[in-house]
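Quick look at what TrEMBL lists:
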type     : residues : note
TRANSMEM : 7-32     : transmembrane segment
TRANSMEM : 44-69    : transmembrane segment
TRANSMEM : 76-95    : transmembrane segment
TRANSMEM : 189-209  : transmembrane segment
Amino acid sequence: MSCQLSFYKVLLSIVNTVLSLLGIGLIALSVYELNSSTPGTFEHVAVVVQIFIGSFIILTSFTGCIGTCRHSLSLIWSYVMCVGFLLAFQLYIIVAAHSTDYVLNARNDFNNLWSNYTLNEDRISSIETSNHCCGRNSSLDYEHIVGAIPKKCYLNQERTLENLFKEGCLEVLEENASKNSQIGLTVKWIIFFLELCALGLASLLGINLRNKRRREQFEN
């Protein structure tokens, strides 16, 4: 029994450590994406939700580690309930992610910005600078708006043909949305399966620890 409990403790500690690292990585990635997303858009809301999930994963893993080390049944069962909540929420997020067209959302968000170029000029300039793109479809779009290609469409704002951002921002944002959605789904599925393992291991640890204490009381 002692070996079995030690085995569960080691495995659960490893899973919790990996989950904590994934939670930290998810928060770091979300903060980076938050700075490049437009407030009020679907992307911005999704990033905020990711930060919440990452924080909750870290707190839950911390609770699991303490409960495991101290052999605290109350903490272990609290951990089981938290992981169960995370699993349900994570499953909902995965279903929502599979049914969401992130490329379409990115396209619509940028088209809305471009349709009010004067009002959103600063935001569009930030997107162009961070993604090394120019205009909606190409730098030629500016010939219809301001009559010339602005300096922001050049690397380091140096007006040379080699430094010109040749890709349109719409295409770049669609490619980024497609890539990020695939990475995001992969990370979500990995976290889901690790949480499932954590739930099973914590439940087994709690049951075995409870049975051990009952036997000790009976023997005494």
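Any Cβ shown, glycine's included, is placed from N, Cα and C.
Note that this is a predicted model, so its numbers are computed, not measured.
Listed stretches 7-32, 44-69, 189-209 were compared with the transmembrane segment (76-95); the greatest number of C-beta pairs under 8 angstroms is found for 189-209.
Long-range neighbours of the transmembrane segment (189-209) within the same chain, counting only residues 6 or more positions beyond its ends whose Cβ lies under 8 Å from a Cβ of the stretch, are 1, 4-5, 8-9, 11-12, 15-16, 18-19, 22, 26, 57, 61, 64, 67-68, 71, 73, 76-77, 79-80, 83-84, 86-87, 90-91, 94.
Outside the transmembrane segment (7-32) by six or more residues, the chain places 47-48, 50-51, 53-58, 60-62, 64-65, 68-69, 187, 190-191, 194-195, 197-198, 201-202, 204-205, 208 with a CB less than 8 A from a CB of the stretch.
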